[in-house]
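Sharing a structure here in structure tokens format.
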Amino acid sequence: MAKDPGRVLIFDTTLRDGEQSPGASLNLEEKLAIAQQLARLGVDVIEAGFPFASQGDFAAVQRIAQQVGGDEGPIICGLARASRADIKACADAVAPAPRRRIHTFIATSDIHLEHKLRKSRAEVLAIVPEMVAYARSLVDDVEFSCEDAARSDPEFLYEVIEAAIAAGAGTINIPDTVGFTTPSEFGALIAGIDCHVPNMNEAVISVHGHNDLGLAVANFLEAVKSGARQFECTINGIGERAGNAALEELVMALYVRRRYFNPFFGREPDSPTPLTAVRTEEITKTSRLVSNLTGMVVQPNKAIVGSNAFAHESGIHQDGVLKNRLTYEIVDARTVGLSDNRISLGKLSGRSAVRARLEELGYDLTREDLDEAFARFKDLADRKRDITDRDLEAIVSEQVQQSEARFQLRLVQVSCGSSLRPTATVILAQEDGQEQTAAAVGTGPVDAVCRALNALAGEPNELIEFSVKSVTEGIDAMGEVTIRLRRDGQLFSGHSADTDVVVAAAQAFVNALNRLVAGCGRQSLHPQHDAVLADLRSGI
């Protein structure tokens with residue numbers, strides 16, 4: 001049987017596979033903020049990125065290894081294709097972390113071997129032990145993935161896995177790369193691996209799933225029963241195409257149904273010992289942070305973290321919940337950190353009170369960042385009577401987005417009405433501090449603002465999405481605006497919040513422009529789509 005750590009290990013790949021969602025690119029400071037929150041959440045492994053992809057990816061993984069990795073913190077992991085260059089870059093990037101891992105992979109399905117790698121099974125079987133052994137010579141912890149394992153020939157899969165373990169892999173990951181399999185099939189695949197790989201007792205079985213058929217979490221829960229003990233997932237289920245298995249759904253399924261799953265870990269059904277190390281009360285906060293920074297809006301009916309997840313419209317349901325919440329709720333909202341708590345802070349509140357509350361919310365700001373956050377708080381308090389935790393989160397998450405700013409919005413002013421043509425005037429500052437002014441008319445105030453900003457920025461783009469929602473209830477609520485721009489097939493998201501949605505839209509547009517400027521011209525390699533390297537072709 002495979003190694004059994006006695007519980008489920010949560011491997012978070014939000015910063016690697018999750019960031020591959022179109023438009024979800026993150027800058028270094030945003031990645032660091034998410035990694036720090038993932039550590040507070042209690043994940044076991046953070047896959048911080050794909051270091052060989054670009055200098056930016058390398059720097060982000062290295063910074064996370066330096067600042068988030070620790071003796072008691074999560075393992076910091078980097079992804080590497082089965083090539084020496086990838087593996088060496090990965091080892092260098094994760095080197096600062098006391099607990100570090102290289103995650104290397106190669107495809108094993110016939111369709112990938114024929115059309116992507118153009119290699120025979122024998123060639124792949126020769127590459128695997130060589131590259132795993134090389135990775136093992138650089139770090140003590142190596143994970144190996146058989147890309148597209150769910151569509152691979154099981155007998156060949158067993159051979160590859162046996163060779164990888166013999167070469168030093170301590171974790172074997174079985175990905176359903178294209179979201180093709182079903183729960184019963186996936187469970188049988190994991191059980192077959194556990195049974196037919198002779199040295200499987202020397203490694204942990206991990207699984208990685210995509211949600212193309214909406215089955216990722218269901219597949220994972222079946223894999224638990226068959227011996228899988230590490231699960232690779234993302235916050236809010238973000239990822240390529242239909243996304244990845246959602247961390248919050250998997251963790252809460254194991255939490256709510258632990259009486260059912262406990263026996264598969266050799267426990268009594270009523271054992272109170274948690275099946276994961278995740279601090280569930282941090283789930284909602286983590287979900288909001290990832291949504292804010294990536295611009296990926298969480299659908300209202302999303303399980304666990306959607307805005308309607310704990311809402312009841314039916315009168316019968318409302319009556320039952322008022323009498324006993326367990327009549328229609330299987331999860332206490334407080335378990336996942338959902339609270340209506342309002343903080344008693346206002347325009348007379350001091351800097352220390354704001355700092356204390358931000359620390360309680362999990363934000364560790366530098367003096368400069370705190371000064372800026374406090375200034376924004378005071379400005380908001382002048383316009384809004386009650387300040388909520390959501391308001392503070394919106395303030396801080398927007399600050400993080402502005403760390404790589406070529407453009408700074410200095411002023412936005414609009415005039416519009418039933419008999420007026422919407423007109424906007426904006427002032428935009430460049431990196432050198434030089435300010436420029438432009439005015440434009442549009443079909444509405446937001447359109448006019450975007451036209452004026454584009455006239456100053458001079459960066460070709462196409463606006464493909466504009467969305468706005470309220471942070472909290474009330475007529476003075478902050479409005480959250482998300483904007484997506486497209487250029488040369490790439491998507492760039494911007495996000496902002498303000499009590500004035502036109503101001504929020506202007507800032508969100510500027511944030512998206514800054515991402516566009518930073519991202520164009522330095523597109524990163526994709527670990528799967530760019531998997532064929534010259535050295536891989538030569539068998540190195």
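Just so you know, glycine gets a Cβ as well, placed from its N, Cα and C.
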Going by Swiss-Prot, ASP17, HIS208, HIS210 bind Mn(2+); tell me which of ASN27, ASN199, ASN236, ASN244 is listed for that site too.
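So, going by the record in Swiss-Prot, that would be ASN244.
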Taking the centroid of the Cβ atoms of ASP17, HIS208, HIS210, ASN244 (Mn(2+) site), which other same-chain residues have Cβ within 8 Å of it?
THR13, PRO175, THR177, GLY209, ALA216, GLU232, CYS233, THR234, GLY239, GLU240, GLY243, ALA245
Just jot down the residues in the same chain as ASN244 (Mn(2+) binding site), at least 6 apart in sequence, with C-beta under 8 A of its C-beta; none if empty.
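The list for ASN244 (Mn(2+) binding site) reads THR13, ASP17, GLY18, HIS208, GLY209, HIS210, ASN211, ALA216, GLU232, CYS233, THR234, GLY237, ILE238, given in order along the sequence.
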